[in-house]
Amino acid sequence: MSAAEEVVTEAPAVEAVPKRAMTLGVGTSLVVLAALVIAPLFVKNFIIFQMTMLLIYGLAVLALNILTGGSGQFSLGQSAFYAVGAYTSAILMEHVGMNYALTLPIAGIICFGFGFLFGQPALRLSGVYLALATFALATAMPQLLKLGYFEHWTGGVQGLVVTKPDAPFGLPMGQDMWLYYFTLVITIGIYVASVNLLRSRSGRAFMAIRDNEIAASAMGVDVALYKTLAFGVSAGITGVAGGLGAIAVQFVAPDGYTITLAISLFLGMVVGGVGWLPGSIVGSAFIIFVPNIAESISKGLSGAVFGVLLFLVIFLVPHGARQVAIVAQQMLGKLKKH
Amino acid sequence: MLVNEKGETEMSATKKLAVLSAALGLLAASSSGVLAQKKYDPGASDTEIKIGNIMPYSGPASAYGVIAKTEEAYFRKVNAEGGINGRKINFISYDDAYSPPKTVEQARKLVESDEVLVVFNPLGTPPNTAIQKYLNSKKVPQLFVATGATKWNDPKNFPWTMGWQPNYQSETQIYAKYILKEKPNAKIGILYQNDDYGKDYLKGFKDGLGAKAASMIVLEESYEVSEPTIDSHIVKLKATGADVFVNITTPKFAAQAIKKNAELGWKPLHFLNSVSASIGSVIKPAGFENAQEIISSQYLKDPVDPEWKNDAGMKAWNEFLDKYYPEANRVDAFVMYGYTVAQTLEHVLKSCGDNLTRENVMKQAASIKDLELGGLLPGIKINTSATDFAPISQLQLVRFKGETWERFGEILSGEAGG
């Protein structure tokens, strides 16, 4: 029994109505959306920058969620796809002089191809073995980026400095705010597309594979195709997130895309709730802010404090933010009845 | 202010005039006082100076965390002794785990949220590269960065960024100068790590040899960090018949090279870059007997060297550690590093007086003259100017004898710009 199956079969929401349980209700969605649109008008640029990073990591966690929560495949190699996306955007912007917005779809397509191809040999593996294969990819990536052959393009160890775009059409907003709204639009677009994907025929095929591969193939699902497709889609979205990350941070270097990033994204997915797409943003908040909180508690033991906080979360709410949301929903329901 | 206040309508015109003239008179009388007026940028006030710092406390480079811990302890000492010109130092240090995206986040937090006066001694070449453009566009000093890359000495393009330690190019320039003087007909074999650090060193060495580089260097051999051993490169270098070996390697490979040389019986004049001059992590594992006569360089006092037993600077250092950082590992070279770089900042802030603007901090940092500090080797002085953003560019040559480094010759300086 692989760890993947354990996680999936234990999840109550997945057993119930998977299509609905993966998203938020319309009302809640609108409230969250309104908050995301209005908030930047009242905060400092630094907070806007953090919110942009929140959305970007949220996208990357969402991508992993489609792969693991949707099709039941594990990946510890998301940092590699993120790096490829980031470098694609950075190289196209700095060496080719392309507009930043145009580089994102290209980063997405390249990563989709990369993920799809990587999915081919990975098909033979499942559960922890697949996780290990993707782990290898994540470990190799920073070194590949340092290779002398690519140095002219990648800048080697030194990395590449990326120019931050100004707001277009003379819009009266700063670079940070513009980039935030730009990221927000892309995030919403990808989120809606992902929800629709999981509700579609392909999404049902993903979930059928996740729940029982043999049954799925007996029903006529092309297991090999859909598994690699899930890898491709996940990698593609991660690539777009990577590209956005490069633009927001204004810098790419191999040290930014180590295995630590892959583990952080994985952590974000688990904390947000495996298979619950809105949880991605909660997971992203966890990986961005909790290390800062841990550091403010103790500098020397920040890693240990982070570990304790993580342990508490997993111990108290093993299904992450989704569990909290479900409990909140039930309590609201009770209140309404009274 | 008084004259402009709205609620003064009842005040007669003459009274207003009187007040105005009185104010003007005062202004004229204290014109010298106006010039010395206190000036502040964000992060500085009558009571406090906020200093930001970014350090990898966690992650693969966490060994460097000691530097910021020492700095924090040092500023505690400064505060306990009354602060700098009466102002307490508020040292805010964040963890970036050596990951450039996190460095950017922390730098923005320091500048935009904590509003520090300067970002001081952030560590590592990639993290500093990531924030250099941002800090320069915000006109926030990126002062005394903790990396040896040569590119930090570039006041023309990055007037808000300054290095501190001798850069890699200066170091190999010094070796080149020595070779030109002592062994003008040398046949030189070079081994270097194929990355920014290795190439920086190599460039300095070639620049130092100048026109003679082409005729003197018989082989430039590079290796990748991912290689398990560099034995084959050493064999190749020996085969060229070189009588000078310039060893630009990181600690693990440096130890391998020293050992392999001994095994092959190759005894060239051996220059070892200071990055790997650690007795504990390089020389001892390679074997003391194999490392005799190797030449390297230093600029800080080595706390384990018995020569400094009664040295005033070393005594002050020990007293500071006893009182403010007793758990420090005194053999760790980073403790001396953090102590000395913190003293340099203290000097700069002191010379700023009451004019604590970011511009003046950079101005004072760029006009240090012959500053000597307790942790620096005798004769090594810190010097900067508007066109020289490399504070320490002098080094002391050392030769390995018995079980320790022995200083020899004069203090040498190499001037390398970015």
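Placement of Cβ uses the backbone N, Cα and C atoms for every residue, glycine included.
Feature list (source: TrEMBL):
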- A:21-41: transmembrane segment (TRANSMEM)
- A:47-67: transmembrane segment (TRANSMEM)
- A:99-118: transmembrane segment (TRANSMEM)
- A:125-145: transmembrane segment (TRANSMEM)
- A:178-198: transmembrane segment (TRANSMEM)
- A:229-253: transmembrane segment (TRANSMEM)
- A:259-289: transmembrane segment (TRANSMEM)
- A:301-321: transmembrane segment (TRANSMEM)
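Under the criterion of 3 or more C-beta pairs below 8 Å, with sequence separation of 6 or more, the transmembrane segment (A:47-67) and the transmembrane segment (A:125-145) do not qualify as touching, having fewer than 3 such pairs.
Scored on C-beta pairs under 8 angstroms, the neighbour of the transmembrane segment (A:125-145) with the top count among A:21-41, A:99-118, A:229-253, A:259-289, A:301-321 is A:259-289.
Panel annotation: around the transmembrane segment (A:229-253), residues 49, 52-53, 55-57, 59-60, 62-64, 66-67, 70-71, 73, 75, 78, 81-90, 93, 100, 103-105, 107-116, 118-119, 122, 155, 157-165, 179, 183, 186, 190, 194, 197, 202, 206 of the same chain, lying at least six beyond its termini, place a Cβ under 8 Å from a Cβ of the stretch.
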